[in-house]
Amino acid sequence: MPLTPEQQAEIDEERAQTRTTRRVVSEGMEEHLYTAYPVLDHGFVRVIDYMGDDNAITQAARVSYGKGTKAVSNDEGLIRYLMRHWHSTPFEMCEVKFHVKLPVFVARQWIRHRTANVNEYSARYSILDREFYIPEPEVLSAQSTINNQGRGAVLEGAEAARVLEILKGDATRSYDHYEEMLSQDGQDGLARELARMNLPANVYTQWYWKVDLHNLFHFLRLRADSHAQYEIRVYAELMCQLVKDWVPFAYGAFEDYRLGGAQLSAKGVECVRRMVAGEEVTQETSGMSKGEWREFMGVVSDPG
Ligand SMILES: Cc1cc2nc3c(=O)[nH]c(=O)nc-3n(C[C@H](O)[C@H](O)[C@H](O)COP(=O)(O)OP(=O)(O)OC[C@H]3O[C@@H](n4cnc5c(N)ncnc54)[C@H](O)[C@@H]3O)c2cc1C
């Protein structure tokens, strides 16, 4: 249960209010404002505020005085051009502020994205809730044997049951100790900033996270990717849906050129040219390492 009834009531109240404004609004994003979308077992993502829309990107690119006279199809074409040619600053004209609730080990990966503004829930000031991420059985996987930074087959039977028992038991025990150390019942009670240190990395934290669209796309490109850990990827995938409704043209271009697109090295381009000319190119004749060749073939070969 990510939200208490009181928190939900606060959100409902915010959502019920409307104001007239001269500011640009994105109809798609208006629908999402404030709504807390559940992620993992106790987490969520909700949009607190945003600035700009697709039009703000093209306006900035043209340094225009108003909406401009260009047709909508030209706006989409311009946005695709900007994305294709790595013109980043027009995308920085749009901003979004999220409220995210996430396990601490996910937050550690997330915070590496330095080009955002963050304010985190203070566990020095407040007491953390008894909320720990416990993976669903279908994502409780073994260590991958082919990728040191990845997962293999799903754990089953007694091993899966034992792992879940350990995770739940450790979380319960450490939170009980946290409460015991904090307690001022017949004792001074340890400072919150110290008592929190025995909590495991699957405890939930929360933050406000504000970022411009260019840097958000960079985050989503890395974290909605199949190489990202499942627990951060589910947040990124949800955010992709929100961004798609906020700035549909920009998201379409991002999906095409970044998420679904691929970058080739000079050697890769040369190999494609040779293949198109009918030559049978192999790893040995490509000039690429085995790893590079595997990735290259993953891009150019028919997945079917
Ligand atoms: C699948 C995956 C695995 C990873 N594994 C590891 C790992 O094992 N260990 C680990 O430590 N990290 C790991 N990372 C984190 C990764 O190395 C980056 O730190 C993280 O993705 C943030 O990327 P970024 O720096 O490009 O983003 P941001 O911090 O948002 O920066 C965006 C861009 O701004 C520029 N920039 C920002 N700050 C500076 C600066 N101070 N100086 C110069 N340029 C700057 C850079 O061009 C940067 O690309 C992993 C990331 C992914 C996606």
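A Cβ is built for glycine as well, from the same backbone N, Cα and C atoms used for every other residue.
So that you can see what the record holds, here are the features copied from TrEMBL:
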BINDING   THR89, ARG112, HIS113, ARG114, GLU120, ASP212, LEU213, HIS214, HIS218  FAD binding site
BINDING   GLN109, TRP110, ILE111, ARG112, GLU120, TYR121, SER122, ALA123, ARG124, ARG196, ARG223  dUMP binding site
ACT_SITE  ARG223  active site, involved in ionization of N3 of dUMP, leading to its activation
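Locations of recorded TrEMBL features on the structure.
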residue: THR89; record: FAD binding site; CB count, 10 Å: 12
residue: GLN109; record: dUMP binding site; CB count, 10 Å: 15
residue: ILE111; record: dUMP binding site; CB count, 10 Å: 13
residue: HIS113; record: FAD binding site; CB count, 10 Å: 16
residue: GLU120; record: FAD binding site; CB count, 10 Å: 14
residue: SER122; record: dUMP binding site; CB count, 10 Å: 11
residue: ARG124; record: dUMP binding site; CB count, 10 Å: 9
residue: LEU213; record: FAD binding site; CB count, 10 Å: 27
residue: HIS218; record: FAD binding site; CB count, 10 Å: 18
residue: ARG223; record: dUMP binding site; CB count, 10 Å: 22
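Among the binding-site residues listed (THR89, ILE111, HIS113, GLU120, LEU213), HIS113 have a CB atom closer than 6 Å to some atom of ligand 1, in sequence order. Here the candidates are the binding-site residues THR89, HIS113, LEU213, HIS218. The one whose C-alpha lies nearest to that of SER122 (dUMP binding site) is HIS113. ARG223 (dUMP binding site) carries a helical DSSP state (H, G or I). Per Cα geometry, HIS113 is the residue among the binding-site residues THR89, HIS113, GLU120, LEU213 nearest to ARG223 (dUMP binding site). According to its DSSP assignment, GLU120 (FAD binding site) is in a strand. For GLU120 (FAD binding site) paired with GLN109 (dUMP binding site), the C-alpha to C-alpha distance reads 14 Å. Secondary structure at HIS113 (FAD binding site), as computed by DSSP, is coil.
A separation of roughly 25 Å, to the nearest angstrom, links the Cα atoms of THR89 (FAD binding site) and GLN109 (dUMP binding site).
Cα separation, HIS218 (FAD binding site) to ARG124 (dUMP binding site), rounded: 32 Å.
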